């Protein structure tokens, strides 16, 4: 018996997108879902209560970062990550693979695993399929990710082929090493770069091992968007219909909608929270940089169409003032708003699937947001 | 008719402290009261809704800082400070006097006012009784402060005498210049340094002008605590019983209790919020520096006796982790806790006055907090 179960609700007749639910030990995730990122056991600037007010169903946290600080043994002693951070809804943890390849220094990759130096203090550390699995077992996340190698973009065919095959062997080792399959679901990560045959090979190898869910990794790493959509177009059909599909590291509004249309159920990205801390917000009319001088005397809300706490309560002029003065409330308010924006977008996407009109929704949403075909990668 | 009214409820038979209410255009302040400081139109790291959850009755904001950023004309255009920052309860604004003397550079004091350079960009600026009053009229605070000169500690008698007499003349000019006495109450500030005759002279001159309330300034500027209490002992009796008395810049738990015992109704201080941002908290057992290594695996709350959101929800180990990682939630949680601690202390003080046992309360509170006579300035 797997720790999670995917329940298919319906397929959008217009777009082919799917509406569903992922049942986990800590509750239900309605899909397609966006997962706010809580890198270090906190979604930056937000409290867990506020995330509930925003109705986030699940958050993501990072194995690599928690391994470094405060250490997974401490979190195990605390009773697991849910208890440590006071979040009783589902948590997904990544495997650390992506961070090892993007953040750390002096990586040495072998079949055994990856030796690297901490980006914080240069300490020599080692992650492998077994250690990444141990760490996630200590954290007690509802959904764990297999330890993978994420090739850069662009990358040569031969390198990606070797790396993809190693990712399959590593996935097998994670599965073997996993100690808590009854209450933690381990997802595999399909790699293969921008090569169709390698994506298909990866999907084939991994689905043969019967994981409770599958992610698509190695996208949103610098490639043009049309290429990402192309990869989704030929990869998703190779994933089993009865299990959740997770597109890693994607959180721009257009890619969330396009991903849902291509049958993706789950997304995560630091984008909404990261740009919020620089004073950039997502609104129904497109991006708005609230720090800009033109909002100095703008006493209207960030987004007149928005119903979030920030927009109900504060003006652009006030939020701009807070940013100009480096006041913490400023980035709290923009973070709140941006998360609301994406979570509300996903609620609208689910509603549109329910009503068989996701393509119509996409067109009107993109038009208001100011995205034309070029921006969207076509 | 004054904008505010002081309602005396009762005097503590044991201590002489008084319980009362200050009625303002934006609601009632139960006294003795602690006022959280919102320097730049935000109590650092807190939202206005959270301040209401903490049941803060009034907050303080700073004329000097708002004059520099975003400028009082912008706040006037926004509809006043309450509307600008979305706080519909009472606001007190200081006059800028203290900041001009403590923060700015190259002050030139004349009878007319003070020429100084901005601590932000060196711009040459000028504040006088008239401009400080204009600014506060633009802000629309419920309680405004007269523009005063705050002498340093220690200071020579002759200097303090001149300065105190000028503060009286400036107070008169503020009163004359004040445009909104019907909905903004202007308080005068008693100065006089550590000299009894000058304090008495200042109180006499200012009370003769019949302000709706009186502050005691020039304390908590580096003098030993016993000296501060001595000044209160001989100054408070010269203030009218029917009007509120505000001790400026005081917020240590012991001084709040000692001040209340000496007949003070209102206090403000950045202390609880400032130390919170460094990871220092106030607990019923005394100060606790949650950053300390010894709390790394302490899964209990900051203060087991505390009922605040932070203590109900999070552990010392988690909060320490947040501080070690410079996560914003960390200082949000300690700020929340410290403000709760002082607001709860004042609720307990009011209850003890009601029950004629404030001296008993002081003794047991100080004992638990770890304050002996020496710490308290005796």
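Residue 1 is the first one shown; counting continues down the chain.
Every residue gets a Cβ built from N, Cα and C, even glycine.
Keep in mind that what you see is a predicted model, and the values were worked out from it rather than measured.
Feature annotations, courtesy of TrEMBL:
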{"type": "ACT_SITE", "residues": "A:94", "note": "active site, proton acceptor"}
{"type": "ACT_SITE", "residues": "A:268", "note": "active site, nucleophile"}
{"type": "BINDING", "residues": "A:94, A:95, A:96, A:97, A:98, A:148, A:191, A:218", "note": "substrate binding site"}
{"type": "BINDING", "residues": "A:306, A:308, A:311, A:337", "note": "Zn(2+) binding site"}
{"type": "DOMAIN", "residues": "A:15-369", "note": "domain 'tRNA-guanine(15) transglycosylase-like'"}
{"type": "REGION", "residues": "A:249-255", "note": "region 'RNA binding'"}
{"type": "REGION", "residues": "A:273-277", "note": "region 'RNA binding'"}
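All features noted in TrEMBL, drawn onto the structure.
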{"residue": "A:94", "record": "active site, proton acceptor", "DSSP class": "coil"}
{"residue": "A:148", "record": "substrate binding site", "DSSP class": "coil"}
{"residue": "A:191", "record": "substrate binding site", "DSSP class": "coil"}
{"residue": "A:218", "record": "substrate binding site", "DSSP class": "coil"}
{"residue": "A:306", "record": "Zn(2+) binding site", "DSSP class": "coil"}
{"residue": "A:311", "record": "Zn(2+) binding site", "DSSP class": "helix"}
{"residue": "A:337", "record": "Zn(2+) binding site", "DSSP class": "helix"}
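Among the binding-site residues listed (A:96, A:148, A:191), A:96 has its Cα nearest to the Cα of residue A:306 (Zn(2+) binding site).
Around the Cβ of residue A:96 (substrate binding site), the same chain contributes A:62, A:63, A:64, A:67, A:127, A:132, A:135, A:147, each under 8 angstroms and 6 or more positions distant in sequence. DSSP assigns the residue listed as 'active site, nucleophile' to a strand in the three-state reduction.
Helix, strand and coil counts under DSSP for the region 'RNA binding' (A:273-277) come to 5 helix, 0 strand, 0 coil. Nothing from the recorded positions A:268, A:308, A:311, A:337 places its Cα within 10 Å of the Cα belonging to residue A:148 (substrate binding site).
Of all the Cβ atoms in the protein chains shown, 22 others lie within 10 Å of the Cβ of residue A:268 (active site, nucleophile).
According to DSSP, the region 'RNA binding' (A:249-255) comprises 3 helix, 0 strand, 4 coil. One residue stands out among the binding-site residues A:97, A:218 for having the most other Cβ atoms within 10 Å of its Cβ: A:218. Taking CA atoms as the reference points, residue A:95 (substrate binding site) and residue A:311 (Zn(2+) binding site) are 36 Å apart. Put simply, residue A:98 (substrate binding site) is 32 Å from residue A:308 (Zn(2+) binding site) when counted between their Cα atoms.
Residue annotation for substrate gives A:94, A:95, A:96, A:97, A:98, A:148, A:191, A:218. The furthest Cα pair among them is separated by 15 Å. Neighbour counts were taken at the CB atom with a 10 A radius for the binding-site residues A:148, A:306; the maximum falls on A:148. Distances between the Cα of residue A:337 (Zn(2+) binding site) and those of the recorded positions A:94, A:97, A:98, A:268 are shortest for A:268.
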